[in-house]
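Working notes for the structure below.
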Amino acid sequence: METPKLSVEAIEKGTVIDHIPAGRGLTILRQFKLLHYGNAVTVGFNLPSKTQGSKDIIKIKGVCLDDKAADRLALFAPEAVVNTIDHFKVVQKRHLNLPDEIAEVFRCPNTNCASHGEPVKSRFYVKKHNGQTRLKCHYCEKTYSRDSVAEA
């Protein structure tokens, strides 16, 4: 029997973010500043996936994401799974939950919002409505679909 070949090399210890929708890997790298840790980061783009057709994957050597950071990922890749690796084995597999609130990640699309002209940090309340992720601005109280809100 032939041993399966990995598309992206295994890591001994760290974090694997799997099942990222194809094309979202770079956004996650940038938004979560995963390259700033100074650790080896391996990224696979448009890899074959049985459930998604194609996917991205990110492996970060020597870094473990906390629950808060992992759940922030749900805003970019709701179906992603965060695996904690130790001695080349998955020791924890986390399915993501949307956070109740998110700050300093997105910009409010409302140009009249106080978050644009005042020295305040953007802040949104996160809700799921009819299967869609919605963000309500803390300052202007307008609600937007996740896709219509730009990254900060």
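Backbone N, Cα and C atoms are what each Cβ position is placed from, and that goes for glycine too.
What Swiss-Prot says about this one:
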type: BINDING; residues: CYS108, CYS113, CYS137, CYS140; note: Zn(2+) binding site
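In three-state terms derived from DSSP, CYS137 (Zn(2+) binding site) belongs to an extended strand segment. Cβ neighbours within 10 Å of CYS137 (Zn(2+) binding site), excluding its own Cβ and spanning all shown chains: 22. Cβ neighbours within 10 Å of CYS140 (Zn(2+) binding site), excluding its own Cβ and spanning all shown chains: 16. CYS113 (Zn(2+) binding site) falls outside any helix or strand according to DSSP and counts as coil. Of the chain residues outside the Zn(2+) site list CYS108, CYS113, CYS137, CYS140, PRO109, ASN110, ASN112, ALA114, SER115, HIS116, SER122, HIS138, TYR139, GLU141, LYS142 have their Cβ within 8 Å of the site's Cβ mean position.
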